[in-house]
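Have a look at the structure below, then the notes.
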């Protein structure tokens, strides 16, 4: 076996290994990117819950809350945590990772052995003179986790809303995307669009989130002018999941008060008083409401 032929085998084996290993290792990289996206989405959910609590406790005003939500939603979109179906198609489940590693190791050993075997079988160096060129993959940039609230102008928020709309056209079955779009519409004071977006999210399986249920009930009440009927049904579902949910208790008590069901209103607001900070503005408002309720009426 000539030295030139051995060198050719080495070069062509490297090229063959690129063909075999590149798709496998690329799947591993995509898995790591997917894990980062899941972390970003989890951070976003945690910060939304913190903002909900601050709003309910009176720490944030509605304007500050809406600005902070818009900022978090914008950063989540830019981080790539919401993917189109094309992006998600490249994701490799956890169960395949061990298979990928084993296949990569096997390929690294098998390709050179196969090349030498073919040489001895065929005795013809010309059998190894053709090779292809692998294509270069697209690289997707990964953003940072959501940051602190910033000031936004309407054009910036509208641009984010347009970006969300385009993503939802590609992935219409993504409940997280619809929630983000709905909250963006609230910031832009388009309650009809917000209502439609939240309904889509609930229909897609997000109906186990008490904060979303209470928020949707609030939007329905704002668009219809009434907490009775469908809004109250969503509030009751929210309280079944989380009996101490601040917004749901507040709105449910208001709904009962508007119906002159004062005993029920008192029950909701007394429960609410147990879960808000004692010295907060919310606690003071609840105590004021309770003092104004007629005694012994329902």
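Backbone N, Cα and C define each Cβ position, glycine as well.
TrEMBL entries are annotated by machine, without manual review.
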Annotated range (TrEMBL: transmembrane segment) out of 6-25, 26-45: 6-25
Annotated stretch (region 'Disordered', per TrEMBL) among the listed ranges 74-100, 101-127, 128-154: 128-154
Helix, strand and coil totals (DSSP H, G, I; E, B; other) for the repeat 'TPR' (175-208): 29 helix, 0 strand, 5 coil
Predicted model, mean pLDDT over the domain 'Cytochrome c-type biogenesis protein H TPR' (148-282): 90
Number of helical, extended and coil residues in the domain 'Cytochrome c-type biogenesis protein H TPR' (148-282), per DSSP: 102 helix, 0 strand, 33 coil
